[in-house]
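Noted in TrEMBL for the protein shown:
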- N10, V11, G12, K13, S14, T15: ATP binding site (BINDING)
- 1-256: domain 'OBG-type G' (DOMAIN)
- 278-361: domain 'TGS' (DOMAIN)
Amino acid sequence: MEAGIVGLPNVGKSTLFNALTLSKAAQSENYPFCTIEPNEGIVSVPDQRLDRITKYIVPQKLIPATLKLVDIAGIVKGASEGEGLGNKFLSHIREVDAILQVVRCFEDPDVTHVAGSVDPLADIDTIETELMLADLQSLENALGKAQRTARSGDKEAKLRVTVIEKCSEHLNEGKPLRLLNLNEAESAAISSFGLLTAKPILFVANVDETDLDGKNPLVDKVRQHADKVGADVACVCAKLEAEIAELDEEDREEMLTDVGLAEPALNQIARAAYHTLGLQSYFTAGEKEVRAWPVPIGATAPQAAGVIHSDFERGFIRAEVYSLADLEEHGGEKEIRQAGKLRVEGKSYVMQDGDICHFLFNV
Ligand code: GDP
């Protein structure tokens, strides 16, 4: 699963990306279009539960869940018509599973704002409009073909035509497809189009160092908007985070204390992005490794096993499952088993966030 960082030029995307991936690869300069090719990075998702597990099961290796981030260059007004590097950006967005939109909520006279003033809602609107226009174009392109196939009596194509029309109508009302309720068959009919506004979105409010508590009227506006469009919001000072990310462990702790943060805001963003991607974690825990694995919320036990290896899904027999609370109460897996708390779950079991599992399977 991957999330793409988007936003207008000069809002702090590359700064955030660098901080998140600790990579110096993405250039961060006060210059629109400085990031042309998408940069990719892997980010681990900090999870306190891993530390709690390792109090009882001491592994040789501790492996957090990760997600892939793509730094997509800035979108400008007119991108859907090829303005800036329009179409190229849009095709990169098409490939990601979720969108992380960085919105500028920081004032800095030294950093040019493409639209002339700091106005996060106007920025959000600019991008959403471009994405909606791009979706309308994709739908329009697909409609002709679907109509021709439908004329020959093809049932699937008929459904596709209906859904395309429904989506276009919704977009023409100025609403992203994320807010349109489609049933499973309808969603499937258009799933190959890679529609941009159907993707889940997380707004990352990039604030001044002095606004880290999130009490900033601009951030409030972003929050109100996010509520309306079914999105989450995370707050960060990208510039500060980039500085923190470059420090070694000890200095990092000191700096965090100085600025009054319990942990880098990046941790919160990684978790929020994970959530926006519709993921939750389950754990495997043994002496060799304690590891968090990402699964889509609602996944069954065989699907979860399949995240480790596709053979595990195919040959799934059953899962042995316990919770962190069980571990903390009984102190070890053997004790959990003795207390009769080790649950045996079959193929239809729906994974719960934080399950600790063993899978039994045939090869
Ligand atoms: P991008 O075009 O969206 O990738 O933006 P960049 O990450 O290249 O940032 C543009 C400029 O804004 C750079 O000079 C950054 O140092 C600066 N910048 C980024 N984040 C912040 C922030 O939180 N506060 C301030 N004051 N400047 C920032």
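Backbone N, Cα and C define each Cβ position, glycine as well.
Annotated features taken from TrEMBL, shown on the structure.
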residue	record	Cβ neighbours (10 Å)
N10	ATP binding site	20
V11	ATP binding site	27
G12	ATP binding site	27
K13	ATP binding site	28
S14	ATP binding site	26
T15	ATP binding site	23
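DSSP classifies G12 (ATP binding site) as coil under the three-state reduction. With DSSP states grouped into helix (H, G, I), strand (E, B) and coil, the domain 'TGS' (278-361) comes out at 26 helix, 33 strand, 25 coil.
For the domain 'OBG-type G' (1-256), the model's average pLDDT works out to 84.
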